[in-house]
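So that you can see what the record holds, here are the features copied from TrEMBL:
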ACT_SITE  HIS38  active site, proton donor
BINDING   31-38, 150-153, VAL179, 187-190  ATP binding site
BINDING   GLN62  beta-alanine binding site
BINDING   GLN62, GLN156  (R)-pantoate binding site
Amino acid sequence: MIETITELDALRARVMGWKRQGLRVGFVPTMGNLHAGHYSLIMLVRQYADRVVSSVFVNPTQFGPNEDYTRYPRTPDADTTGLEGAGCDVLWLPTVESMYPFGIELAAKVHVPGVSSVLEGECRPGHFDGVCTVVSRLFNQVVPDVAGFGKKDYQQLAVIRQMVTDLAFPIQILGGSIVREADGLAMSSRNQYLSAQERPRAAEIRRTLQQMRQAMLAGTARAEVEAAARAHLTAAGFQVDYAVVRRPDLSEPGPADTGARVALIAARLGRTRLIDNLEF
Ligand code: PAF
């Protein structure tokens with residue numbers, strides 16, 4: 001049976017008890033409204049840990065003023081059942097007050113320069129400060145040995161890895177593979193904002209990423225690949241924030257670069273902002 005914990009003292013006691021028994025503790029932070037992508041992360045972390053904690057906390061500090069904080073879907077009962085089915089031992093449910101005891105204005109913030117400032121950082125100013133601020137708190141609350149983050153949020157994973165190295169958190173970070181719907185759309189809590197007309201068109205993002213990879217591997221210039229992807233998505237009715245090819249650290253690859261790269265897209269379909277990526 002999964003145990004739901006809402007008090008920090010109780011969480012610490014549970015985790016300390018496990019550690020005294022020599023057990024390794026895994027952690028998967030989430031904002032709830034869980035789907036197969038989250039559950040696959042629980043199962044991934046389980047392979048590296050004896051016990052798994054997952055948190056559900058819709059973090060106000062990572063939403064911009066015009067973003068969906070208040071309407072972000074909250075489904076606590078389904079989340080609890082799903083986490084239990086995926087093998088999670090403890091569900092950690094902090095409140096906004098316990099996460100930010102001095103209030104949001106006076107909260108100590110964590111800023112990771114460089115990798116935070118491009119792409120999502122340009123489109124959503126302050127977003128990664130909010131993510132790092134809450135994830136560092138969650139790490140201090142749960143004190144895990146290993147933690148899992150989905151690769152759908154590719155840049156978030158890169159930012160977290162840099163934060164963990166820079167702040168010397170003794171935590172192994174795992175990246176979980178993207179889980180997709182049958183038509184290729186990456187699973188996301190925000191997919192449910194898509195209308196019935198928009199939903200089939202959303203899979204165009206994945207097809208565009210595949211075209212970008214194919215064109216890059218065929219030797220097409222990066223600028224041409226990026227421009228074609230943007231034009232294609234715009235013609236398909238998307239408002240494109242970016243459609244780019246980057247190195248894994250999100251720096252721009254040079255013309256002769258044949259090492260590991262990743263194609264990344266962020267685009268809006270109606271009111272829904274979708275992100276996805278493809279490594280090659
Ligand atoms: O990826 C998410 O769901 C969130 O950004 C995270 C890591 C749980 C922090 O609030």
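Backbone N, Cα and C atoms are what each Cβ position is placed from, and that goes for glycine too.
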>> Near ligand 1, which of the recorded positions show up if the criterion is a Cβ under 6 Å from one of its atoms? Options: LEU34, GLY37, HIS38, LYS151, VAL179, SER189.
In response: none
> Going by C-alpha positions, which of the recorded positions (HIS38, GLN62, GLN156) is nearest VAL179 (ATP binding site)?
Replying inline: HIS38
> By a simple count, how many Cβ atoms lie within 10 Å of the Cβ of HIS38 (active site, proton donor), its own Cβ left out?
Replying inline: 28
> Restricting the comparison to the recorded positions MET31, GLY37, HIS38, which residue's C-alpha is spatially nearest the C-alpha of the residue listed as 'beta-alanine binding site'?
Replying inline: MET31
>> Cβ atoms within 10 Å, counted per site: which of MET31, LEU34 has the most, among these binding-site residues?
In response: LEU34
>> I'm trying to understand the geometry here, so how far is the Cα atom of SER189 (ATP binding site) from the Cα atom of HIS38 (active site, proton donor), in Å to the nearest whole number?
In response: 10
> So of GLN156, SER189, which of the binding-site residues has the fewest other Cβ atoms within 10 Å around its own Cβ?
Replying inline: SER189
> How many whole Å apart are the CA atoms of MET31 (ATP binding site) and GLN156 ((R)-pantoate binding site)?
Replying inline: 14
>> What whole-number Å value do you get for the CA-CA distance of GLY37 (ATP binding site) and GLN156 ((R)-pantoate binding site)?
In response: 15
>> Using a 10 Å radius around its CB, how many other CB atoms surround LYS151 (ATP binding site)?
In response: 19
>> Just to be sure I understand the packing, how many Cβ atoms besides its own are within 10 Å of the Cβ of GLN62 (beta-alanine binding site)?
In response: 21
